[in-house]
Structure formats: C-alpha cells, structure tokens
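Reading through the structure tokens given below for one structure.
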Amino acid sequence: MTSCHVTEDPIKKVAIFGGTHGNELTGVFLVKRWLENGTEIQRTGLEVKPFITNPRAVKKCTRYIDCDLNRVFDPENLGKKMSKDLPYEVRRAQEINHLFGPKDNEYSYDIIFDLHNTTSNMGCTLILEDSRNDFLIQMCHYIKTSLAPLPCYVYLIEHPSLKYATTRSIAKYPVGVEVGPQPQGVLRADILDQMRKMIKHALDFIHNFNEGEEFPPCAIEVYKIMEKVDYPRNENGDIAAIIHPDLQDQDWKPLHPGDPVFLTLDGKIIPLGGGSTVYPVFVNEAAYYEKKEAFAKATKLTLNARSIRSSLP
C-alpha cells in the first residue's frame, strides 16, 4: 500500500436522492422527513439537499412510470430535445441533470447519495463505480468501520460492458446506498435505521474531511461485478427454474463450482458451472425479473487508498 498523500478540494454540495425507484420506500421516507426537518443531515459549511427524484413513481408506489430512471443518465438521453413525447423518466433525468449537474461538469454536485432498497438479503451495501478514487474508498472505509460490528459490503460496478448510467452518476463522487432485504412498497424499522446510520456516518466523514482531518492510507474489501446470470428459460422465453433454496438469501457468500444454483419444478438441480468460486449479489431481486437477471456473479478484491486531506483555504 502506498503512503502517498493526496490533497482534495473540500466538499461543498451534497445531494441525497430518494425515490429513484418509487416503491423502494426507505429512501422516500427518509428524504421526505429531511425535507420537513433536515437538522440531522446538516453539517457546518456544507450544503446538503434532500430530493425526491421520481415523484410520479413515488405517488403510484411503483418502480417507474415509463422506464428505469436509474438507467437513463447517458449522453444520448440527456442530450435529447425536451418533448412531451419523451418517456417521463427521460424528461425527469434532464431536469435532474440541470438541477444537480450537468454531468461531467465542474459545477455539478460534489456527492450524490442515491438511496435504494433491495428484496435481496444484501444487508448494508455501498455501491461504487470507480476503483481508483481515494476519496470514495476512504469514505467507504469510514462508514464500514463506524457501522461495525454490523457488516457493510461494497459492490463495485466498474465494468467495460455493463454501463448503468445511474441517477447519481451526474455527481463528481456518486455513491449508491442499498439496504435489504425489504419487500417493494414496504417499510421496515431495522432497514430504515441502518440506512439512516449509513448516511449519518457518510456526512460525518465529509464534515471531518472538510475540517482538515487527515485520513491515513487504508484498504477495503470489495465485490466487483463479473457478469449477470439469467434464469433458465424454455423455448417460449419463460422462466424454467427458480433460485435453489441453498442459494436463496446467500448474497456475498462464496458460491463454488458444482454448488446448486437453480431448481426446476421437476426437482432437477442446476449447478454453478465454470472453474472458479464467485460471490452472488442481488440474489432473486424482485425488480430484476424484467431485466432477466437472477443474480450477479462478483469476485472479491482489495482496494487501497492513499492518505487524503482537504486543501483548506
């Protein structure tokens, strides 16, 4: 691990998004609370803006209206001429990009925390899109340490062919916050408490960083996406097998070649192929049936961060 020192600009503007998916209620509930009373998310010298990203979907308690808001923040959609004929979420993406971006611009928000729930047994999860960002690795390390002994996993979605174009990607430092298991359209007190603590620790880290605290070199364990796995399907394209009981709720646990993965209604077991151990993520996620994803395979890595401190004025 290198001990090189990195100086970063202080963080000035932070947004907390809830309702990117309108039926993932923890983020919706917390953001609405903070819009009414934001005392607990305010930090000296820092602008923190809570924001409901997909209000129509939130009102209907559905994932989205026309298309997935968390997949349309790409140059093509953001560059389309504004029109009533555009899908609602594309129009909303352009509005959000105008308010918090523009994407890849020096004037965009420094950090966006995008709050999500999953029906999968993933516990507290932070989602990273960049494996080389010292600031984000340090933030994840701080949150993980602060939450201990409660586990906090880091999911790295950096992949050349799996481009998400996420809502949070308009920020300089995008951070996904995923907590589960929680059914769609449902609130659970334990899940809400965990997400609330994750945001508290994240904001504390930013505040300490802005105040000039130096964070020494650190390392974190992450799970990097390798590929997405679809359900077995018949000639009509219908699902022909379901997640095996041995795999259900086993997110982050090692899955070895030959281990049961799927089970047909006839009792046939379909094992994991290949020659290496993987780590399943988003196992049997309800929202991913339409995306033809039964789970994602991940590999375990260690990311290192250099020492960082802010360049105080």
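Positions of Cβ are set from backbone N, Cα and C atoms, glycine also.
These come from TrEMBL:
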- Glu178: active site, proton donor/acceptor (ACT_SITE)
- His21, Glu24, His116: Zn(2+) binding site (BINDING)
- Arg63, Glu178, Tyr288: N-acetyl-L-aspartate binding site (BINDING)
- Asn70, Arg71, Tyr164, Ala165, Thr166, Thr167, Arg168: substrate binding site (BINDING)
- 11-206: domain 'Succinylglutamate desuccinylase/Aspartoacylase catalytic' (DOMAIN)
- 219-298: domain 'AstE/AspA barrel-sandwich hybrid' (DOMAIN)
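Distance noted between the C-alpha atoms of Asn70 (substrate binding site) and Tyr288 (N-acetyl-L-aspartate binding site) is 13 Å. All protein chains included, Arg63 (N-acetyl-L-aspartate binding site) registers 21 other Cβ atoms within 10 Å of its own Cβ. Summarising the N-acetyl-L-aspartate site geometry, the residues cited as binding it (Arg63, Glu178, Tyr288) extend over a maximum Cα to Cα distance of 15 Å. Using Arg63 (N-acetyl-L-aspartate binding site) as the reference Cα, a 10 A cut-off selects His21, Glu24 from the binding-site residues His21, Glu24, Arg71, Tyr164, Thr166. Neighbouring residues of the recorded N-acetyl-L-aspartate site, listed in sequence order and excluding Arg63, Glu178, Tyr288, comprise His21, Glu24, His116, Asn117, Thr118, Thr119, Phe282, Glu285, Ala286, Ala287 (Cβ within 8 Å of the Cβ centroid). In sequence order, Asn54, Ala57, Arg63, Tyr64, Asp68, Leu69, Asn70, His116, Asn117, Ala287 are the residues near His21 (Zn(2+) binding site), counting only same-chain partners six or more apart with C-beta under 8 A. For the substrate site, whose binding residues are given in the record as Asn70, Arg71, Tyr164, Ala165, Thr166, Thr167, Arg168, the maximum C-alpha distance rounds to 10 Å. A Cα-Cα distance of 14 Å separates the residue listed as 'active site, proton donor/acceptor' from Thr167 (substrate binding site). For Arg71 (substrate binding site) paired with Tyr288 (N-acetyl-L-aspartate binding site), the C-alpha to C-alpha distance reads 13 Å.
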